[in-house]
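Pulled from TrEMBL, these are the features on record:
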- 7-185: domain 'Guanylate kinase-like' (DOMAIN)
- G14, P15, S16, G17, A18, G19, K20, G21: ATP binding site (BINDING)
Amino acid sequence: MNRSDRGKLFVLSGPSGAGKGTLRKKVFETVQGIRFSISCTTRPPRQGEKEGIDYRFISEEAFLSLLKEDKFLEHAEVHGHYYGTLREDVEQALSGGLDMVLEIDVQGAFQIREKMPESVLVFVSPPSLEELEHRLRERGTESGEHLRLRMKNARLEMMKAKDYDYVIVNDDAERASEELKSVITGYRSIREERK
Ligand code: 5GP
């Protein structure tokens, strides 16, 4: 396959509650030929999350064994749980000419930039940390110590936003998803022109 026929890798990061998933789902409603990489995690499923759709929920033992076999393109420990992207999933999509979106934390994003410098890093930011805390409380999936941990991590993640290729402020999901869509379609038109 010609290099220009390969798909592009888009990495979406941002604090949990910033709305990465919502933006990605909105974009996927209208953009074809793009896939979402379903990460492996040792975190237990939240209410409503589905195995093989939101994540592959696996045991710590299974995770460590995949890690040892070098099956992860990137991995990280976030909020006390392991998360990782399977190398094979990404390779399969890109070599099949499909674009792929990873929703991963900042540690993982910089591992991807090291290994695949041609990938595009997009940071999804909440309008403010106060608004983020408000969203997390509303979501009701975290409270007490867990909420504090996520807010602490959010502050650290926000400091890395400046190292991303794009920063999208999610103050309005409609507008922010249009912005994400233009990033993706922008790269596609460059690819078409090179053919
Ligand atoms: P959550 O538990 O809220 O679903 O995810 C916590 C954090 O882990 C989020 O920032 C999410 O983007 C990140 N994450 C999810 N999957 C992966 C992955 O495969 N690798 C890395 N490095 N981070 C991930």
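Note: Cβ is positioned from N, Cα and C throughout, glycine not excepted.
Features as recorded by TrEMBL, highlighted on the structure.
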{"residue": "G14", "record": "ATP binding site", "Cβ contacts under 8 Å, 6 or more apart": "K20, F123, V124, S125, P126, E157, A161, N170"}
{"residue": "P15", "record": "ATP binding site", "Cβ contacts under 8 Å, 6 or more apart": "S125, P126, L132, R150, N153, A154, E157, M158"}
{"residue": "S16", "record": "ATP binding site", "Cβ contacts under 8 Å, 6 or more apart": "L136, R150, N153, A154"}
{"residue": "G17", "record": "ATP binding site", "Cβ contacts under 8 Å, 6 or more apart": "P126, L132, R135, L136, R139, R150, A154"}
{"residue": "A18", "record": "ATP binding site", "Cβ contacts under 8 Å, 6 or more apart": "V124, S125, P126, L132, A154, N170"}
{"residue": "G19", "record": "ATP binding site", "Cβ contacts under 8 Å, 6 or more apart": "V124, P126, R135, N170, A173, A176"}
{"residue": "G21", "record": "ATP binding site", "Cβ contacts under 8 Å, 6 or more apart": "E103"}
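In this structure, the binding-site residues that sit close to ligand 1, with a C-beta under 6 angstroms from any of its atoms, are S16, chosen from G14, P15, S16, G17, A18, G21. On the 0 to 100 pLDDT scale, the domain 'Guanylate kinase-like' (7-185) averages 95 in this prediction. The record gives G14, P15, S16, G17, A18, G19, K20, G21 for ATP. Within 8 Å of the mean position of their Cβ atoms, the other Cβ atoms in that chain belong to V124, P126, L132, N170. Its own atom aside, the Cβ of K20 (ATP binding site) has 22 Cβ atoms within 10 angstroms in the protein chains shown. Look at K20 (ATP binding site): DSSP puts it in a helix. According to DSSP, G14 (ATP binding site) sits in a coil region rather than a helix or strand.
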